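Working notes, structure below.
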Amino acid sequence: MNTYAAYIDYALKKLDTFPVDMTGGNDNTVLLKDYQLFVAKVFLGLNSMNSILLFQETGVGKTITTVYMLKNLKKIYSEWTIIILVKKALIDDPWTHTILDYAPEVMKDCIIMNYDDQNFHNKFFTNIKSINVKSRIFIIIDECHNFISKSLTKEDNKKRNTKLVYNYIAKNLMQKNNKLICLSATPIVNDVREFQMLVNLLRPGILTPDKSLFYNKKLIDEKEIISKLGCICSYIVNNEASIFEDVENTTLFAKKTVHIKHVFMSKKQEELYLKARYLERKLGISVFKIYQRMASTFVFDDIPDKKKLTEEEYEKFVDSLSIDFKNTLYGKKISKQSLDILSAGGTINDIKDVKDIELYNYLYEHSCKFTFVCVSIIQSKGKCLVFEPFIRSSGIEILLQYFNVFGITYIEFSSRTKDIRSKSVSDFNKVDNTDGEITKVCVFSQSGNEGISFLSINDIFILDMTWNEASLKQIIGRAIRLNSHVNNPPERRYVNVYFVVAKLSSGRSSVDDILLDIIQSKSKEFSQLYKVFKHSSIEWIYSNYTDFQTVDDEKGFKKLISRNIILDENTITNKKKLTMGENIWYSFSSSLVSIHRGFKSMDNKIYDSEGFFITVLPDKPTIKIYEGKLIYILTVR
């Protein structure tokens, strides 16, 4: 690893005189942080370093770092064509706006493309054919985990057109010293194969694609993988804790406090939720739990049986239910007197107005989550975000009816507001709306869980659990960003994160409980792969490997990073050992989101139920009591 460090040092010295800021149109100037300059100098300073992953948490300035590189490209070579592959929602903001603000002179060389476009692959190859043969290509893939997912062969074995673009980039990356930079705060989301595909995009052919990386959930030959992947990424993850862990504030980031809010369904909502569960099993679609997820959030007066209706009949039935519900609420609002009671911390039991009580109970009858969120929003001291992935039927469309009844001002960021959503977010983020006095809340769907920055947020409400921790991290990352709370007074530089979990009166697990457990179980393998990225990053190498001899050129770098990874399963020790200790309960969350069986050895080592080592218990461990059990709260680094 010292050899990698020598080449990093060479690149830094080569570009030592690079500017520390960049100025664009209208004298817009930004001063780069040291870590931003570090990665830019290393990547541009090594001509034969064709690729890098910016594995950096949300809000640290990945876009600014990349635009800085674009601004300084012609100091390396005179002719560049820049291809930026992004989600449609990110084309204008941040990419086009940031380039025009700080590097407008490179805009003429840029081709910005939406990889969600069904015709993306054809447009990509049309643009490739138009590039001058003398030009080098600088490719940027933002939120690269989405691009990788679209290139991955799924269980249906359908052809993925994005894979054609993936193959082209992997094949042509090494030619003419082209450059590829991938950006993501969560490079692995759903599948270990995403790691393999990403590595083979950055370092083509280095890793056998069909060979398993794990044996019994344990990474095979970790040292070999790290040694061959040196300098593959920049790793800036200041908070490696679980999304369910509280994090103290720093000078640059707001404090995060996590709350798991259990809200009991009304009798009516529970009955319809159980019907939704039955219909899912009857229709054979329970694997995605769509019916249950929707019913745990909101229910109409009935749930139609899709099996007995045509698609058109089903849509008409749902539309009629929606219209009936909206008509029932038309013109109705909770009085200011009752809102004042609730905003001061009161409950429904403190309200005296009979009509308000009836209206509140009607709303709660149909959605325990929406009602809880509305009350929480009016009690919040600042601005709020609400994540709701569903738009029609029981999603955002109905939630906004609740907002109207409670007098909550809002903007919506979803697929149905694409023409105005960027402007809406810009207004929402303005300094004169720091306290939410103009617009209190932004409700957003999956369209807004990546690439968008929200400023001065104090409360986030997550109404539906995604299938993985990475997506939840992206959602939370929209509000906790570098200097995102600089306009807040010191006492309000915090973000409360509420996971709103619908509960059944019987105490049985709801779909929200099930999804929380799924999220926890996926993280075991992913955490090992994230460790690989961390220990092969340019930051880790340059900080921890200082015993190197300086180099005068980069002749050997290409060969160093092109070595194949050869996995040896013998590096896994499978022999059973008898260890003395005791059975315990443990959780990775101080909120006790999920509790696991484990084993504590005499020397304070903690193992999971399958015998795999987790961590070493500190001298003064954190222990909580829950339902008569002693629960060890573990922190894994």
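In case you wondered, yes, glycine gets a Cβ from its N, Cα and C as well.
Quick look at what Swiss-Prot lists:
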type	residues	note
DOMAIN	43-205	domain 'Helicase ATP-binding'
BINDING	GLN56, GLU57, THR58, GLY59, VAL60, GLY61, LYS62, THR63	ATP binding site
MOTIF	142-145	motif 'DEXH box'
DOMAIN	358-537	domain 'Helicase C-terminal'
REGION	459-526	region 'Binding to the cap-specific mRNA (nucleoside-2'-O-)-methyltransferase'
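Reduced to three states, the DSSP call for GLN56 (ATP binding site) is strand. According to DSSP, THR63 (ATP binding site) is assigned to a helical segment. According to DSSP, the motif 'DEXH box' (142-145) comprises 2 helix, 0 strand, 2 coil. Same-chain residues that are not part of GLN56, GLU57, THR58, GLY59, VAL60, GLY61, LYS62, THR63 yet have a Cβ within 8 Å of the Cβ center of the ATP site turn out to be LEU54, ALA185, ILE236, ARG481, LEU482. Over the motif 'DEXH box' (142-145) the predicted model carries a mean pLDDT of 96.
Sequence-distant neighbours of GLU57 (ATP binding site) (same chain, six or more apart, CB under 8 Å from its CB) are ALA185, ILE236, VAL237, ASN238, ASN239, GLY477, listed in sequence order. Neighbours of VAL60 (ATP binding site), defined as other CB atoms within 10 A of its CB across all chains, total 21.
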